[in-house]
Structure formats: C-alpha cells, structure tokens
Amino acid sequence: MSHVVVKNDPELDQQLANLDLNSEKQSGGASTASKGRYIPPHLRNREASKGFHDKDSSGWSCSKDKDAYSSFGSRDSRGKPGYFSERGSGSRGRFDDRGRSDYDGIGNRERPGFGRFERSGHSRWCDKSVEDDWSKPLPPSERLEQELFSGGNTGINFEKYDDIPVEATGSNCPPHIENFSDIDMGEIIMGNIELTRYTRPTPVQKHAIPIIKGKRDLMACAQTGSGKTAAFLLPILSQIYTDGPGEALKAVKENGRYGRRKQYPISLVLAPTRELAVQIYEEARKFSYRSRVRPCVVYGGADIGQQIRDLERGCHLLVATPGRLVDMMERGKIGLDFCKYLVLDEADRMLDMGFEPQIRRIVEQDTMPPKGVRHTMMFSATFPKEIQMLARDFLDEYIFLAVGRVGSTSENITQKVVWVEDLDKRSFLLDILGATGSDSLTLVFVETKKGADSLEDFLYHEGYACTSIHGDRSQRDREEALHQFRSGKSPILVATAVAARGLDISNVRHVINFDLPSDIEEYVHRIGRTGRVGNLGLATSFFNEKNMNITKDLLDLLVEAKQEVPSWLENMAYEHHYKGGSRGRSKSNRFSGGFGARDYRQSSGSSSSGFGASRGSSSRSGGGGYGNSRGFGGGGYGGFYNSDGYGGNYNSQGVDWWGN
C-alpha cells in the first residue's frame, strides 16, 4: 500500500472554495431535473439516465436493491457476515446452517417461501401479484422439487385398507370420494398430490376431505398411520388457494413493515410434541409447493429468536405446540384475528400432557374467531369422554368420523406378547435382533430416560448400530437421532414415550415394547409406529408381573384385532378380574364398546361387554399354565419373524369394529 502524501493543488482548493451548491452552473451539463443537488465531479458529465440520483419514488436506487432490503432473509446478503449469508438460501441445514448442512431438514425453517421467489430475490409481501390470484401456481423449482418429493411413497397396502369400515354421524354429511379427482381441489393441490405419488385416498381422506371442503367442523378418529395429516392439510390449503389471504395480508401490512410486524395466520394446527409439529410442517411444505402460502412451525426447546425471524418473513399456515404459541402471542408476534381453520391433532395426547389450559387460552380467551365463524377439526387415534366434551365446546354442528374401530390397532400389525422377566429382557432382545434383518428399522420403547441411555449403551457394546431419544436430549440431538434412524445408519432406535405419538417414520418393520406402558392407550400409540399407511408390521411386547394392570385391556385388544393370544394371558386376565378385583385394572375401558368408541351424541349411556363374553368370543390353542407357553412356540422367535407369519392375521372376516 502506498503511503505517499498527496498535496492539494492550489487551483483545486480555489475551485472548491468558490463552489456554489445552489448554482445551476455547477451541474456540469447535467439535466435541469437535478436543480439544487450537489453532483460529484466524476458524475457531472454523464447522462441523466445513468446518474446515481435516478431513484424511484421510494428513494431506493434500483428495484433490485429495494427488493433486497424489503424482506429479511432474502438471497441478497451484501454487507452481512458469512453466517447470515446462508439464511434463506434454501439449504438443508438443521437450525442455523453452521456446519450442519448434512441433516435432512427436520426443524429447518430458513427458507423464505421455500424457493418460490428465490430467482427474483424479493419478498412475497412486496409482490403485488400475491394479492391477485392465489389459485395460480408459481414457476416450478427443480431443486425444491427434489428436496420435497424425493422420499417416495412405497409399500401401501391399499387392498387391505379398502376393507376398513367407516362410520360418519352428524347432520347432512357430505358424500365421500373414491379418488382425489372426485373433488375440485385446484391445480396446485392436484399437482402436488401427483408429485407425492399418492394414487388413492386412504379411508380417512376419502371422508374427511369432502367434509372439510364443505366447511363443516369435524371430529375424526382414525387408526394411527392412516394419513390423517394429509386429510386436513389438502382441503385446508385448497380452500386458502381459492379464497386468497383475505384481510390477513392487509392486517400484516397495516401492522408494520420490513419484518417488524405481527403475523396473522389463516390456518393454525396445534400438536402436542415438537416431533409431530415438525412432521406436519414438512407435509405442509409439500402441499404448499408452487403456491403463495408460507407454512411456519414454532415449538419449545428451540431458539425462539430464530423462530421469530422465520415468522417475520410471513406466515399463512402455522404449526405450533400450545406452550410456544402462547409465548409468541404474549410477545405480540402472532395474532389469531383472521384464523379461519383450527386443527387439533393428537388431541387426547395434548390433554394427557396437561395442555388444556393453554388450548382454552388460545381458542377461547384471545382474538380467535368463535366457533361457527372459524372451521375446527380434531384428529386423534382415541377419543375418550374428556376429548368429546372438549369437542362440544370447540366444534359447531360437527361430523363425527370413525375410521376403523375407535382406539383400535391396525390389523396390518401382527402383535406378539411374550413373558420375559426383567433380568432376561436384554438377552431376549438380542435374540430378536439377531433374527431380524440388518436393514429393518426396529423401534424399542422403554419407560425411563435412564433406561433408554443404558439400553443404547448395552446394544452399542454388543455391536449394534443404534441411537436413542428421550425428553432430556436437546432438540438438535433428538433430530440427529431421528435422522440417523430414518436413513438406516442406525436401524435401532431406543425411545421413551416422547417418540410414541405422532412420529411418522416410514418403513419401521418392528416395534418392541421392552417395557410395557402403564395404560393401554399408550400401547396403541406405540405399536402404531409400525404398520403405517397400510404397510405390514410386527409388534412384540415383553410382559411380566409388573404389567398386571393392563392384562384385561390387552387381552380385549388382541381378541378384537384377531391376534394370537397366549393361554397364560387369558388365565392371568381371568384371575385378575375375578380374584384381584378392580383395584389393579387400568383406567380405560374403551376397548369394550364404551363411551370413547362412538359419537357420544348418539350414545344413551356407556355400555361394556362383559369379561366372559370377550373371553369366550374366540377360540385359541396353546398349552395351559405359565411354564411352557410364554414364548412364541416350538419354532422359536426367529422362525416366526423370518417366515410368512403375517398371513394368518388377515384372513378373518366380519370383524366387529364397533364393539357390538
């Protein structure tokens, strides 16, 4: 670098001293339109059209620069540190793209519109076309298409699904559809359905889509893994594309500009856990591809500042856990004034986790439109009395939809119950894993966090590639574990109940209840991680004296699903019922045709099938007593797993799905 001292030319000093800023003569031949402006010497003889002062009415030098600053997180990152330059670039980083771009994107919220405006670099809020016709698709993005739809949709057992009974109750129930093309959902939705390779709607989708498109409130109870998420996302997004943003977009613009504004989502989806919220969000991304709708997700356990920055880019469909949403509302970042669609997913789980005060605060004590004005949907695998009472408060003239038996398990899941003492569980687990193919995903449930860490460490030292998740793990660690499991790098996942609900992990072949849960509903949700969306699966449960409280309900569930019942379980249930009294029985009786099994509006009272009836309703073979019949039989476990052991469970006819 040169350090030569430059002395001012006396003639130049004299010129500057005599400079008159208000003189037209100083313009150096510039256009008279610049009267009164000081023109730097190096620009004085240029054409007016090339002058730096050629600004638009807003004062920005060009549309590119204007757009670059009109949206936080745009692709133009001039003047920012290197870390911030990745925000909004559409990369698949986990939370903040700092050295973690290998992750598959769960929890990633750093995409401004998911590539919709990435070529032009401007925000949807500055594009006047967004106010015109939201039903028209935006230009495609090959990169984004590959990112969203490369997962595929394989192994669907639709033939089996067609036999599942459906019951819909309520006034003027719309007719169901047989194909997606039977109802007009618009060009964007139909194109995205094709990209996801959905060929036919599942039973819950056949009935729920026309109900929601008809703007009716819905309480739907369907088997776990039956396609509930798409059942509400497809019609809701279709309706948003048809109706446009309405007053919500206007409210955002009036509230503030350039990122400092409250967002007014048109649709709100509440979910009990972070994992389920992220899964719904990822599905929403797929079905909002090439649209002007921007989904967002907020949940606890993650950086709230990062989530706020994501919200500030725009939010039309919000997926949230109740606690974090209340926090966002109290911070003034979210307003529900224009929320047209409310979805409560896994509603029973939210009540079990104690979220009812937050849910009522969100729905009843804030600015959300009342029932009858908004459209409300509740989805879950079980609907006990408490949930149906909540539906009475939140839903208006709703339709009750039961797909399969309420609170039931899928017949696509072969259930095996084996007697294993606590000291023998680890060795028995090794026998099972040894008989399982190395490429099969196996989910092992335990009751405690320490138990999860201990079992993971044991399996690791036995040479198995495994990982674990539980409530004490950080959000990043949990997402990394799920990524390793989904990708098959660690085909064994040890989990506590935090992963039991809502996790949509395709191709899970085997669920093992290393520790059985204390209530039968948790059992239903755990084994529902396999056999999803018509695929075949296997569930194995280790049973001993500690699990006596669910004996009766477990027996009823196995009988109902036409599963093999060990004779020792029958004997224990009989003894427990007649000798042990009711003190040890589980709190649930909904697998016997009680309140939760049907629409309470049509039930005159809670009825229950007697123990003797359920016990005598099926014939089962097997040796008596506890001694020689606690395993899978003479062939051993490996023989069952490697044989075509699923077939026998699908030949039954006339299943009494409704508990009559």
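Heads up, residue numbers simply count up from 1 along the chain you see.
Yeah, the Cβs are placed from backbone N, Cα and C, and that goes for glycine too.
Annotated range for motif 'DEAD box' in Swiss-Prot, selecting from 149-152, 345-348, 405-408: 345-348.
The feature motif 'Q motif', as given by Swiss-Prot for the ranges 178-206, 410-438, 526-554, sits at 178-206. Spatially, by CA atoms, the recorded positions S181, K213, S454 include one closest to A222 (ATP binding site), and that is K213. Residue counts for the motif 'Q motif' (178-206) under DSSP (helix as H, G, I; strand as E, B; rest coil) come to 17 helix, 0 strand, 12 coil. The shortest Cα-Cα distance from S454 (phosphoserine) to any of the binding-site residues (Y198, R200, T202, S226) is found for S226. Other Cβ atoms within 10 Å of the Cβ of A222 (ATP binding site), summed over all protein chains shown, number 26. Each residue contributes its Cα atom, and for S181 (phosphoserine) and V204 (ATP binding site) these two points are 16 Å apart. Residue counts for the motif 'DEAD box' (345-348) under DSSP (helix as H, G, I; strand as E, B; rest coil) come to 2 helix, 1 strand, 1 coil.
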